[in-house]
Amino acid sequence: MSVAGFFHAPSGPVRRTGIIPVPRTSQDVNTAPELLPQGPLVRMRILLARHGETPWNAEGRYQGQIDIPLSPIGEAQAQALGARLVSVDITRAVASPLSRAQRTAQLALGAARADMLLTEPELQEIAHGEWEGLLASEINEKDPSRLQAWRNEPDTVLMPGGESLRLVLERSWRGLARAAEGLGEHDTLLVVAHDAVNRVILCKVLGLPISRLWTFRQAPTTLNLLEGPDLDNLEVVRLNDCAHHTPFFGEAKHRAL
């Protein structure tokens, strides 16, 4: 089964909301097989996913590069992702080295395909430095102005001992390029990474400044479908699709923790 098969179009009129225009492709409508793109129009596909929920995500605790495993809810989310991808032909699978991403990828691939998983160190989450392990309320007591800037002008912030978003974009794009190396038409790449990593990658593909990364969401085990002939010519076909575990209006808000 191709990637096209697991994204189902709604049966009635669609009310489009939000500020991110997502290009329509053959995946957005129920189309007969003979009308699907053929030949060179069938392009490389990247399924960019986020890891499942961790206990620290649920608490609102900044985890950054601390290796926090999935919670039982996160395990269930990853299993739901696996059920959705079970019939999708995946050419290559790559994940961040952090265990929450590794475990999500393993469950998404299933036992029969788990051995294909590769690790890309440059896809790990942003380093929050001295903020790691702290609740947002605790950071607000110690460093309120920087926390406010992180929420309103994230591209201007460098956490004490941490990374800037520009650095995260540079390294994560290199990691994505390595993950996609040698792939082309008809190939599907599964990437399991993190909130901030996914957001800066999506900003680049969408042509948005990274200051806008809070204008869309990345739910636990969300799927973003990117298509294109190569990494420099990608389109966002699906954004923050978490229909495998969350009702249409039921998504919780998760920022880069």
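Cβ coordinates are placed from backbone N, Cα and C, and glycine is handled just like the others.
Annotated features, as they stand in TrEMBL:
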- His51: active site, tele-phosphohistidine intermediate (ACT_SITE)
- Glu125: active site, proton donor/acceptor (ACT_SITE)
- Arg50, His51, Gly52, Glu53, Thr54, Pro55, Trp56, Asn57, Arg100: substrate binding site (BINDING)
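All features noted in TrEMBL, drawn onto the structure.
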{"residue": "Arg50", "record": "substrate binding site", "DSSP (3 states)": "strand"}
{"residue": "Trp56", "record": "substrate binding site", "DSSP (3 states)": "helix"}
{"residue": "Arg100", "record": "substrate binding site", "DSSP (3 states)": "helix"}
{"residue": "Glu125", "record": "active site, proton donor/acceptor", "DSSP (3 states)": "coil"}
Cβ neighbours of Trp56 (substrate binding site) where a neighbour is any other Cβ within 10 Å: 20
Other CB atoms, at most 10 A from the CB of Arg100 (substrate binding site): 28
Rounded Cα separation (Å) that holds between the residue listed as 'active site, tele-phosphohistidine intermediate' and the residue listed as 'active site, proton donor/acceptor': 11
Pairwise C-alpha maximum, in angstrom, for the residues (Arg50, His51, Gly52, Glu53, Thr54, Pro55, Trp56, Asn57, Arg100) that bind substrate according to the record: 15
Euclidean distance between Cα atoms of the residue listed as 'active site, proton donor/acceptor' and Thr54 (substrate binding site), Å: 13
For Gly52 (substrate binding site), nearby residues of its own chain (Cβ under 8 Å, 6 or more apart in sequence): Leu70, Ser71, Ile73, Gly74, Glu75, Ala76, Gln77, Ala78, Leu81, Arg100, Arg103, Thr104, Leu107, Pro220, Thr221
Separation of alpha carbons, Trp56 (substrate binding site) and Glu125 (active site, proton donor/acceptor) (Å): 14
Fewest other Cβ within 10 angstroms of its own Cβ, chosen from the recorded positions Arg50, His51: Arg50
Site with most surrounding Cβ atoms, counting all protein chains shown within 10 Å, from the recorded positions Thr54, Glu125: Glu125
